[in-house]
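Novice: Residues annotated as domain 'CARD' in TrEMBL: 1-90. Among the features that TrEMBL reports, domain 'Caspase family p20' is placed at 135-267. Summarising the annotation, TrEMBL assigns active site to His213, Cys263. Sequence annotations record features per position, and here TrEMBL assigns domain 'Caspase family p10' to 307-392.
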Amino acid sequence: MEEAQRRALRRGRARLVAELRVAPLWDPLEDRGLFTRPMVEDLQSAGSRGEQARQLVIDLETRGKQAFPLFLSILRDTGQGHLADMLIEECECLPALLQPVDLRPVELDLHGEKHKKRCLIATCACQVYELKADPCGWCLILNNVDFSSDSRLSTRKGSDVDCKKLENRFKALRFKVLIRQNLKAQEMVSELQKLAQQDHSALDCCVVVILSHGHRTSHNQIPGGIYGTDGKLIPIEKIVNYFNGSNCPKLRGKPKLFFIQACGGEEKDLGFVVDCDSPVSEAPEGSLESDATPFRTLAGSTDEPDAVTSLPTPSDILVSYSTFPGFVSWRNPSSGSWYVETLDSVLEQYAHSEDLLNMLLMVANAVSAKEGKYKQIPGCINFLRKKFFFMCK
């Protein structure tokens with residue numbers, strides 16, 4: 001199947017899932033050789049009509065060069081020509097992305113003297129990162145639960161629940177998942193560097209998930225820090241820098257996604273745990289009534305320059321925080337953190353049809369809308385240049 005046809009199926013997937021009548025399709029799909037009888041039976045067992053439609057659209061991408069035109073023909077034969085027309089429109093509009101951009105001369109006034117220069121101003125259509133590899137990339141999950149007594153950091157009960165959810169979710173999104181548990185700061189650095197030095201040339205993406213205690217340190221571009229189990233801090237900016245275009249050329253131009261479940265306050269983030277049955281009027285060490293109450297900075301405290309003072313522009317990078325550094329992030333001992341629980345749920349429901357930024361907005365809205373006096377709002381720092389759509393199995 002041509003890439004334009006694959007993209008048309010992906011862009012039209014949400015409408016197909018909502019409207020496609022799958023029952024009339026099974027026999028024609030088998031009769032025309034698109035699917036075998038066992039394949040059709042597998043599709044029929046996928047669940048609800050919407051789940052069957054979603055799986056059918058995903059599997060069509062693997063059925064060869066004739067799959068797209070045959071599917072259009074079957075849609076028309078079964079009285080669903082409006083969906084065929086929609087896919088054709090999606091397919092025809094995509095090549096426009098490859099057309100020469102519209103260039104217009106602009107007159108610039110330099111140092112008080114007018115010099116006619118040609119300035120390239122492009123009106124660019126929205127572009128999408130291509131994820132064609134299967135698996136599409138590595139996903140490294142660093143899960144710190146138990147901390148040394150010297151660190152004065154509490155055990156992060158519920159983090160193993162988060163870890164398992166994200167392991168299963170990113171496997172379903174076609175990633176090769178690596179899990180590393182309870183690492184000291186230097187061991188975390190070693191794992192991150194090892195991943196950055198992998199040969200990513202045949203892959204399309206890279207994901208790093210960090211579940212740990214955090215700190216509100218601020219640096220030039222990307223704030224926050226993460227603790228190893230020994231209580232030593234690693235700036236998030238330093239973590240991201242391992243994967244930028246200069247240090248990891250095999251990922252240059254490819255999306256690098258970082259998901260951070262941590263919070264941080266003054267000197268140490270001691271962690272915030274909330275029980276399911278806790279009254280909404282109670283909270284550890286006082287109630288938190290706003291959506292993100294900042295901690296006060298200690299008098300005379302300063303951030304040490306423990307990361308490089310400047311970075312190459314971190315293009316194609318997104319960092320998603322459970323809460324912005326310096327604010328509270330809640331975790332339940334039995335069901336895991338609010339952020340990961342919501343992120344996993346949103347990815348399960350919408351990864352087949354929505355782009356990543358839209359889904360992160362859904363996560364932020366859902367977490368911030370939780371009732372009671374425990375409040376939290378996730379956020380992100382985005383240097384992606386295109387829309388990002390996950391590949392779903």
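Glycine residues also receive a Cβ, built from the backbone N, Cα and C atoms like all the rest.
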Novice: Need one number: mean pLDDT over the domain 'Caspase family p10' (307-392).
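Specialist: A mean pLDDT of 82 is what the predicted model shows over the domain 'Caspase family p10' (307-392).
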Novice: Give the number of CB atoms, excluding that of His213 (active site) itself, located within 10 Å of its CB.
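Specialist: Step by step: centre on the Cβ of His213 (active site), count other Cβ atoms within 10 Å, giving 27.
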Novice: Helix, strand, coil: count each for the residues of the domain 'Caspase family p20' (135-267), based on DSSP.
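Specialist: Once the DSSP states are binned, the domain 'Caspase family p20' (135-267) shows 38 helix, 35 strand, 60 coil.
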Novice: Please count the residues of the domain 'Caspase family p10' (307-392) that DSSP assigns to helix (H, G, I), strand (E, B) and coil.
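Specialist: Final tally across the stretch: 26 helix, 15 strand, 45 coil.
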Novice: DSSP-wise, what's the residue breakdown of the domain 'CARD' (1-90) into helix, strand and coil?
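Specialist: The domain 'CARD' (1-90) comes out at 66 helix, 0 strand, 24 coil.
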